[in-house]
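Swiss-Prot lists 13-33, 38-58, 69-89, 93-113, 121-141, 152-172, 370-390, 407-427, 431-451, 459-479, 482-502 with the feature transmembrane segment.
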Amino acid sequence: MGVFSIANQHIRFAVKLACAIVLALFIGFHFQLETPRWAVLTAAIVAAGPAFAAGGEPYSGAIRYRGMLRIIGTFIGCIAALIIIISMIRAPLLMILVCCVWAGFCTWISSLVRIENSYAWGLSGYTALIIVITIQTEPLLTPQFALERCSEIVIGIGCAILADLLFSPRSIKQEVDRELDSLLVAQYQLMQLCIKHGDSEEVDNAWGDLVRRTAALEGMRSNLNMESSRWVRANRRLKALNTLSLTLITQSCETYLIQNTRPELITDTFRELFETPVETVQDVHRQLKRMRRVIVWTGERETPVTLYSWVGAATRYLLLKRGVISNTKISATEEEILQGEPVVKVESAERHHAMVNFWRTTLSCVLGTLFWLWTGWTSGNGAMVMIAVVTSLAMRLPNPRMVCIDFIYGTLAALPLGLLYFLVIIPNTQQSMLLLCLSLAVLGFFIGIEVQKRRLGSMGALASTINIIVLDNPMTFHFSQFLDSALGQIVGCMLAFIVILLVRDKSKDRTGRVLLNQFVSAAVSAMTTNAARRKENRLPALYQQLFLLMNKFPGDLPKFRLALTMIIAHQRLRDAPIPVNEDLSVFHRQLRRTADHVISAGNDDKRRRYFGQLLDELDIYQEKLRIWEAPPQVTEPVKRLTGMLHKYQNALTDS
């Protein structure tokens, strides 16, 4: 298949995008909106954005959710713009600079919140800047301008959602059902590898793959939740299944680690059971039945705790999986599982990275302002808007440099494409709404094909082309204005790219160290006698951090193993029967305070001092456990944790 060929699976979304653009264009001109371009641009971005991210037609609900975020971001941006203008209308330069800081602040927030919700904050940052720049000549029209922008954006979003519904969006439910079955088989095969205690690299690859697949399943759950309210019960079950999948990974890896020192704990009976190969979820079901019978026969005390916990988690997984597939009413047994433990959210480890993004966005916007004022260029405001858009959207993604390059390619491609529409197509079709709609439908269709292939520059070309062609009411054709707009877009992208190159993001190592210390803090915080604290479910948050660590440091197995060991320590200590008394409770609080000091330390010297203090306190704690006659289920995990912290002290304290 050629580079520019059209695959059958790409056609439906391309038609959907073309329909969204045509609907927005028709409604914009029919209701005599002053700037129908905003409605068309919004419809195109809202529809094409999820397709570019997914690399194909987005699942049902994705476009609707993105549209809602865009509405929220636009309203926040408009309110911020009104407040800034009312407060500083007598100082125009200060007003623009405050808007630059606001754009940076929104980028900072978007770097800390969930990636799905960050779009709203990024959008609110540059919306305020667009409004402030546009009303420079007529500041008294600010409320009217903000209202018009909100109205046209809502119309564009409505058109994108309507087009999505007209062309029967794909449901992700079948994918979820298939993945649940496949994931359970993979979990069983991981436990087989761990029982065999074979090659450590093979085990690392297996559990790493399962962590990624579990994270992907959680993303599917979010999509299913956005799709329809009828999946509420399935959504509740999938939340619990996420924890169960992570529990299965943890128990399997702990089984592998236990055999490093005490291989005799895994009896021949269980070794023989796990030698049976499995291919389907039915095979796993049969094996679990056999294991439950063996556990009843041998007794819980004779069964290794990791295997006992694994079989229990796998059984609960099977029960909830059947409920997800059938979407039936939640039974009493399921409700008991679902009401289990409150999930704890962890503090972001990317605060330094977020601050770098703040400075990148703020400085690039300020640089654009200075460039505009110094040159007096009529399209300097267009360049500033493009700077704000690029930096606000690029900063929240893993590779902002490539996002900038995508925008540069897109704006360069938009120049000849926009020229064709501006000089030839639109002047010859503006008298006929049908021809005008068809001409833009063709543009949307072919770019829609390329967007699904994630072609470099396709997303930027779509937005930039619509932005520079004349879609105003009434239409006016001034070539100098068109050329200024096109060049302003290119210059804005270039300036944003230069700032991103100059303001280096060196936060990667710091983020990695903070993540590892958060794992240590989680393991230490599990040493508690507080019943409410012991019920807290930190497993999803810990694996979310592990997933971030894997993305930041691909292939760094020592870091992954250390993090996984801390997660295992946390789970084991959380279930350990720690003696309940005031002496240990006071010391638990002291340990948690010291672990928090390690995370928040401002430099390496302080961090080393607090980490050394933590190690000393753990030694004292082990002595206290001996005095209070704690059982081996408590003393052994604490000893292993202390040994790991001594071994990796430098990795956890040095920048």
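Placed from the backbone N, Cα and C atoms, the Cβ positions cover glycine too.
Fair warning: this is a prediction, and the values are worked out from it, not measured in the lab.
Contact between the transmembrane segment (152-172) and the transmembrane segment (431-451) is not supported, since fewer than 3 Cβ pairs fall under 8 Å when only residues 6 or more apart in sequence are counted. As a quick check, the transmembrane segment (121-141) and the transmembrane segment (69-89) clear the bar of 3 or more Cβ pairs under 8 A, pairs 6 or more apart, so the two touch. Sequence-distant contacts of the transmembrane segment (13-33) (same chain, six or more residues past either end, CB-CB distance under 8 Å): 6, 39-40, 42-44, 46-48, 51, 56-58, 148, 151-152, 155-156, 159-160, 162-164, 166-167, 433, 436-437, 440-449, 451-452, 466, 471, 473. For the transmembrane segment (459-479), same-chain residues at least 6 beyond its ends with a Cβ under 8 Å from one of its own Cβ atoms are 21, 25, 28-29, 32-37, 40-41, 44-45, 48-49, 52, 406-411, 413-414, 417-418, 421-423, 426-427, 430, 443-444, 447, 451, 485-486, 489, 493. Under 8 Å from some Cβ of the transmembrane segment (93-113) lie the Cβ atoms of residues 80-81, 84-85, 119-122, 124-126, 128-129, 132-133, 348, 350-351, 353-355, 357-362, 365-366, 369, 373, 388, 391-392, 395-396, all in the same chain and six or more residues away from its ends. Remote same-chain residues near the transmembrane segment (407-427) are listed as 386, 390, 394, 436, 439, 443, 456-465, 467-470, 475, 477, 479, 482, 486, 489-490, 493-494, 496-497 (criterion: CB distance under 8 Å, separation of at least six residues from the stretch ends).
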